[in-house]
Amino acid sequence: MSPQTETKASVGFKAGVKDYKLTYYTPEYETKDTDILAAFRVTPQPGVPPEEAGAAVAAESSTGTWTTVWTDGLTSLDRYKGRCYGIEPVPGEDNQYIAYVAYPLDLFEEGSVTNMFTSIVGNVFGFKALRALRLEDLRIPTAYVKTFDGPPHGIQVERDKLNKYGRPLLGCTIKPKLGLSAKNYGRACYECLRGGLDFTKDDENVNSQPFMRWRDRFLFCAEALYKAQAETGEIKGHYLNATAGTCEDMMKRAVFARELGVPIVMHDYLTGGFTANTSLAHYCRDNGLLLHIHRAMHAVIDRQKNHGMHFRVLAKALRMSGGDHIHSGTVVGKLEGEREITLGFVDLLRDDFIEKDRSRGIYFTQDWVSLPGVLPVASGGIHVWHMPALTEIFGDDSVLQFGGGTLGHPWGNAPGAVANRVALEACVQARNEGRDLATEGNEIIREATKWSPELAAACEVWKEIKFEFQAMDTLDTDKDKDKKR
């Protein structure tokens with residue numbers, strides 16, 4: 001190269017491959033308030049040191065590639081690169097480590113969950129040097145939080161819209177989830193709402209199929225909730241699923257729901273995508289619609305303990321993207337959810353400020369500043385005998401959703417709804433009187449059956465139903481110490 005054509009990029013350039021840890025492993029780094037912090041569970045391939053594995057994650061999810069390139073000299077890598085600033089072994093696991101990575105805020109587009117995830121959990125999860133990789137938690141700095149609008153309305157505004165205070169809200173997913181005509185579907189909604197539920201719900205895969213087109217379903221469900229409102233004097237809602245094959249069709253359904261005057265719509269945020277979800281959340285905010293979020297497909301991402309992404313990260317992403325409700329597991333029902341871990345991400349959904357607490361799986365202190373909270377939805381295999389535990393675990397700011405636990409009542413849908421409402425009111429009253437729901441729950445339900453034949457019938461049907469399986473998502477403990485105990 002002649003002196004006339006030599007550039008700054010060529011000065012000191014050495015072609016070839018060098019270890020990631022030489023550039024991206026910086027244990028002396030002091031994190032900034034504006035950094036996005038990530039905790040990865042890293043399982044390196046045999047022979048790969050944990051420092052190299054952690055540095056590889058930082059590199060491949062930020063500025064790095066597999067070899068030194070000329071254009072590195074045209075920017076400031078020290079300003080833009082991700083940094084692995086800490087590594088610790090996972091208790092009780094061989095060859096697993098928690099790698100802490102800090103990302104400069106300038107790496108991310110403002111207000112875009114899509115861009116954030118494309119960087120942090122993009123190609124790096126297919127990296128050959130890693131046997132497995134899981135994103136356990138993120139710390140979102142307040143500077144980045146403030147670029148998001150978050151939930152369309154939030155918990156307090158929803159309560160004000162519905163005029164419902166001092167108790168969890170009650171819902172029901174209409175079953176069978178597929179196959180009903182629009183008219184029969186609307187009839188089931190009406191019966192449940194008339195019986196005392198606050199909401200009924202489309203299931204996640206109810207979109208616009210040949211047996212029930214979306215417009216017909218919207219019309220019959222709107223008729224059902226208005227009729228139930230007139231009879232009960234309470235505000236009712238049905239989660240009209242606006243999820244569609246295109247964003248244009250999704251928005252068309254949301255617009256039609258608004259024109260019908262219903263209070264709430266629904267979206268499958270993982271299958272629909274974060275870009276679509278954020279767009280729908282903006283529309284709901286501008287047009288007074290609440291937004292219920294279903295997490296269909298989440299277990300594909302978060303079920304395995306050593307690979308994928310923990311649901312607490314997906315929950316944080318949803319709070320930023322926008323949603324007023326999200327399914328969060330039940331702890332006591334048929335779906336996955338260990339108590340302390342579930343309550344950890346429930347707090348991340350609802351509270352303004354959450355302290356680091358590894359006993360609940362929370363790796364970082366999170367400050368949401370003024371971002372509204374999200375109501376957790378407990379749904380899946382729950383019935384009246386679970387009501388005391390659900391009320392005690394989730395508290396008032398939650399939605400308890402009984403599908404089969406309403407529609408499976410031997411006397412029909414409306415009596416099933418009555419049973420759930422009576423059980424909830426009994427638990428709330430007992431709690432307010434100072435009784436312990438955890439120890440006296442069954443007694444409280446039995447007492448309530450004396451003045452509610454609907455509840456008595458429900459208790460008889462489901463008295464033997466239990467879902468007792470070991471949770472997959474558990475806290476890390478030292479297995480050798482556990483054995484000694």
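Every residue gets a Cβ built from N, Cα and C, even glycine.
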- Can you match one of Arg213, Arg215, Arg217, Arg295 to the substrate site that Swiss-Prot gives for Asn123, Thr173, Lys177, His327, Ser379? Arg295
- Which whole-number value in Å describes the distance between the Cα atoms of Lys177 (substrate binding site) and Lys201 (Mg(2+) binding site)? 10
- Tell me, in order along the sequence, which recorded positions from Asn123, Lys175, His327, Ser379 have their CA within 10 Å of Glu204 (Mg(2+) binding site). none
- Message: Cα-Cα, whole number of Å: Asn123 (substrate binding site) versus His294 (active site, proton acceptor)?
- Response: 26
- Query: Over all shown protein chains, what is the count of other CB atoms within 10 A of the CB belonging to Asn123 (substrate binding site)?
  - Reply: 11
- Item | Residues near His294 (active site, proton acceptor) in space but at least six apart in sequence (CB under 8 A) | Glu204, Asn241, Met266, His267, Asp268, Tyr269, Ile326, His327
- Item | Farthest-apart CA atoms of Asn123, Thr173, Lys177, Arg295, His327, Ser379, residues recorded for substrate, distance in Å | 37
- Message: Among the binding-site residues Lys177, Lys201, Arg295, His327, which residue has the fewest other Cβ atoms within 10 Å of its own Cβ?
- Response: Lys177
- Message: In the three-state scheme derived from DSSP, which category covers Thr173 (substrate binding site)?
- Response: strand
